[in-house]
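Enquirer: First, the structure itself, so that you have it in front of you.
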Amino acid sequence: MASISFSLASSSANKSKFTPRLGQLTFRHGQSPSQTLDTPGFLATTSRGVVSHLSRDHLHNTASVQWIHVPFESFLENKPPVLTRSTGPNPAHSFLGFSTEKHLVSLSVRDPSDCAEIPPNGKDFVSARCVQGVRKVTVQDWKSYAAACKPDIIFAMSDTMISAPPYSQKRITKSIERSCAWLLDILAPVSSAPPNVFVHLAGGSSVPARQTFSRTLTEKVYGKEAELVHPLECLDDGVSGYVFDLAPMRAQIGASDPYAQGKRTGEAVIELIQASLDPLPDNKIRLANSAATPHEVLRLTAGVGIDIFDSHWAQKAANIGIGLNFTFPPPSTATAGKRQDLGLNLYNNTYTHDFSTLSGEDSPHCPCLTCSPAPASSFIAHATLDEPTFAGPDFPAPKGFSRAYIHHLLHTHEMSAHTLLVLHNLAVLDQFFTDIRRMLGGGDEQQFHRAAESFCQYYDEDLAVFQEATIMWDMVDKARGKGRLMRDKPDDV
Amino acid sequence: MHFEIIARCSTTRARVCKMTLAHGVTMLPTFMPVATQAAIKGLTPTQVESLGITLILNNTYHLNLRPGLDVLRQAGGAHAFQGWRRNLLTDSGGFQLVSLSKFTTITEEGALFSSPFDGSPTMLTPEESISIQHAIGADIIMQLDDVVSSLTTGPRVAEASRRSVRWLDRCITFHTSSGKQDRQNLFAIVQGGLDPDLRDECLEEMVKRKDHVAGFAIGGLSGGEEKDVFWRMISQCTAKLPDDRPRYSMGIGFAEDLLVCVALGVDMADCVFPTRTARFGVALTFEGALNLRLKKHATDLGPIDPQCPCPTCQVNTSRAFLHHTVTHETAAAHALTLHNLVFQARLMGQARTAILEDRFPAYLKTFFSGYYKNGQYPEWCVNALGSVGVDLLEGLSGEERNGRIQGGRGAGWEYASDSAADA
């Protein structure tokens, strides 16, 4: 388990609560050197404990990934969950192959991006999903899993309303009460509580409910509760960070299609997040899950000072064959007409003969292993005689993989395509946050707001290119098998 | 190609050779992983290179369809296209015409098949095959052969075998006139089915053309024939093939098959088996194959093989983790592919060292006793190795021997993989 501290840059402290802010998260595992993660920044999401499409060597060579979030629910198919069988000082790290020198690992019960219908939560449990169906996770279960897995950060269980709105007053009240009770349960007793507990700020789409939940956190605890969490004065004293799950929030607002209604959702969400943060102190880290676009990232950075975003959308883009290539600030101010795409749909036949890298020849150098592959740093020698094998002629330095090659891999249904795209997209996202921080560090906040505004004007937030890629991905996916070359009948020649 | 024999086993026909091609040195015997579509499934070329692998295979049939020759020519060949810096071999496309296309008709001119794009009749001639392989630019290219299933009998086998010789001549003529012999090396493919006389006839004819080919492949096997027939055919070929040319046994990938072939004098082999089986959740080890989908691995926190130098075992990826992710996450397929390729490379690398130190027979015995933990050896392996002077059951009496021999594939498997056939 890492020791963690978060501090806001002096330029960002003592400002209005809802302005963009710069910060730094410092963490250290045992004797390892301490690491810093600058904010605004991002965390990588996982599926079954894996950053999708990345083998462990690739993950370790991906400098941009420092914080990895693991939804626990996929481990519920076995009892006890296999992740809890791992041992040592950092059991989750060692089981999942994350580095204690480099990676911060957080754990939540549920995948925050999953808003599919699920049986309702109960008084003492959350309904979670695994491949074998729905499982109930009680507070006691969650505490024992946390104790066994020792993640660096654990999200307290939250009674998030996932069913379709509207919600009755009674349901909202219940949600707040349960979420508070479950937070208290994980914090008590303080002596054995996990050191870094994040709380999902509850209250659904109701501004008063959100305010109520946050105020409850900061209210002094009395009586039996005070005894349980002694020496904490209030629940918030035991909390290290605040979490906003945007996916259920959008569903609760009723804007089920974030692509089509991105902008409006953004504004409504900002109002709700502000309601939650208003009663709370400023010095804790703010995390937003499932931002759908960089536009939303910019709005949430600008409007409520979110510190950490997940990279779910950029990783998902890699799944459907998108290589991101947007920049912040945008290359120029928007001109009338079509907005630019955030990335390339590499299924598109325009890339069949395109031998430039994903970042393009005239763009700034992209450090990812796709655009700038490094030669193998070592070779496994399998026989005493193998040395001359590795010397050989002078091997040319590896060149960046071309769009044509990735296009080919996508159409031949090769897994390597997604590996190359994930490596690249994470690097683009990293650069995006670096550029956000650089601009915020410049001291002219208005400049940031102007750049964010022109970004939203320049790039298409409806994600037409994502929709197009999804259709093509689906076609290739369905056309598997020996006869699948039929689909290659060139209809555009 | 520069081909040099470094060491020979004093008992068997095994040998260690150094093969220098335009993209570096490959030590033989070696196993060649298959990158059908210009990618070892799920891996990057840098990863493959770091595993100590110096020679991989691309499939001509597939690359010709996608990305197509225009793209490959523009890219500057398959090496540049896929970012592979080491040696590359391409097959001729003949095998896939038979295995993937239902409508292939073989004529003297070439293989007539219906285009998978639009169904129109398309002809693949020996010249066309070499021309395609020139565009791909592999270091080793294969002649177009007339492939028949190894289960085929009757006059068709003789026809195919003789036609393969005629097609070899056409490939030689075309390749020689191209002026690409300095960078691309043509291999002949010995056919002849399972008939020893036909094999001999084909061998004899092809060996006559030795000065025009860089190496010889043994084709027409590994298609479901009896193992007892398989090894005898390999043995017949390696006994008569010229010493100073590499010998390539096509479509061989099981550990026991590889070692028997090496003992019989084979230098190279390829198969999709180790990479394909990885995607199905099977890890290869010196103690047999592990099917990680089985519940028994669900709580095992140990690695596949603590001695293994692969990137998966080196960071202690547990069997339980692989059980949790295999068939769900591509990363699990990557992890097992990395491991299985290193297993194949270790198996062959250790054979090279053993041959060099002239203790190959002992290596064979150690391997078999570890791999077949129940002590039951496949009869064909015992016979094949016996034919080159290695008695796996040395010192056992007649009755004891019988107790240690079994028909079929033998143990060492957690489930029966039904097919190891090539793509």
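Yeah, the Cβs are placed from backbone N, Cα and C, and that goes for glycine too.
Residues or ranges marked as active site, proton acceptor by TrEMBL: B:Asp91. The feature active site, nucleophile is assigned by TrEMBL to B:Asp270. Per TrEMBL, substrate binding site is recorded for B:Asp91, B:Ser92, B:Gly93, B:Gly94, B:Phe95, B:Asp145, B:Gln191, B:Gly220. Summarising the annotation, TrEMBL assigns Zn(2+) binding site to B:Cys308, B:Cys310, B:Cys313, B:His339. What TrEMBL records for B:12-372 is domain 'tRNA-guanine(15) transglycosylase-like'. Among the features that TrEMBL reports, region 'RNA binding' is placed at B:251-257, B:275-279.
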Enquirer: What is the total of other Cβ atoms whose distance to the Cβ of B:Gln191 (substrate binding site) is within 10 Å?
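Expert: B:Gln191 (substrate binding site): 30 neighbouring Cβ atoms within 10 Å.
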Enquirer: Would you list the other residues of this chain near Zn(2+) - those whose C-beta lies within 8 angstroms of the C-beta centroid of B:Cys308, B:Cys310, B:Cys313, B:His339 - in sequence order?
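Expert: Everything else in range on the chain: B:Pro303, B:Ile304, B:Asp305, B:Pro309, B:Pro311, B:Thr312, B:Gln314, B:Leu338, B:Val342, B:Phe343.
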Enquirer: CB neighbours of B:Cys310 (Zn(2+) binding site) within 10 A?
Expert: 27
Enquirer: Tally the residues of the region 'RNA binding' (B:275-279) by DSSP class, grouping H, G and I as helix, E and B as strand, and everything else as coil.
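Expert: With helix first, then strand, then coil, the region 'RNA binding' (B:275-279) has 5 helix, 0 strand, 0 coil.
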Enquirer: Note the Cβ centroid of B:Asp91, B:Ser92, B:Gly93, B:Gly94, B:Phe95, B:Asp145, B:Gln191, B:Gly220, the recorded substrate site, then list each other residue of that chain whose Cβ lies within 8 Å of it, in sequence.
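Expert: Going along the sequence, the neighbours come out as B:Met142, B:Gln143, B:Leu144, B:Asp146, B:Val147, B:Ile189, B:Gly219, B:Met250.
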Enquirer: Rounded to the nearest Å, what's the C-alpha distance separating B:Cys310 (Zn(2+) binding site) and B:Gly220 (substrate binding site)? Just drop the number here, would you?
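Expert: The separation of the Cα atoms works out to 33 Å.
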Enquirer: Within the region 'RNA binding' (B:251-257), how many residues are helix, strand or coil going by DSSP?
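Expert: Result for the region 'RNA binding' (B:251-257), in helix, strand, coil order: 3 helix, 0 strand, 4 coil.
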Enquirer: Please state whether DSSP places B:Cys308 (Zn(2+) binding site) in a helix, a strand or coil.
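Expert: Note: B:Cys308 (Zn(2+) binding site) is coil by DSSP, not helix or strand.
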Enquirer: Taking just the CA atoms, what is the gap between B:Gly93 (substrate binding site) and the residue listed as 'active site, nucleophile' in Å?
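Expert: Cα to Cα, B:Gly93 (substrate binding site) and the residue listed as 'active site, nucleophile' are separated by 15 Å.
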Enquirer: Please name which of the recorded positions listed here, B:Asp91, B:Cys308, B:Cys313, is nearest in space to B:Gly220 (substrate binding site), Cα against Cα.
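Expert: With Cα distances computed to B:Gly220 (substrate binding site), the winner among B:Asp91, B:Cys308, B:Cys313 is B:Asp91.
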Enquirer: To the nearest whole angstrom, state the Cα distance for the pair B:Ser92 (substrate binding site) and B:Asp270 (active site, nucleophile).
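Expert: Each residue's Cα considered, B:Ser92 (substrate binding site) and B:Asp270 (active site, nucleophile) end up 14 Å apart.
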Enquirer: Counting Cβ neighbours within 10 Å across all chains shown, tell me which of the binding-site residues B:Gly93, B:Gly94, B:Gly220 comes out on top.
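Expert: Result for the most crowded candidate: B:Gly220.
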Enquirer: What is the number of other Cβ atoms found within 10 Å of the Cβ of B:Asp91 (active site, proton acceptor)?
Expert: 33
Enquirer: How many whole Å apart are the CA atoms of B:Cys308 (Zn(2+) binding site) and B:Gly94 (substrate binding site)?
Expert: 37
Enquirer: How far is it from B:His339 (Zn(2+) binding site) to B:Phe95 (substrate binding site), counting Cα to Cα, in Å?
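Expert: That separation, Cα to Cα, works out to 28 Å.
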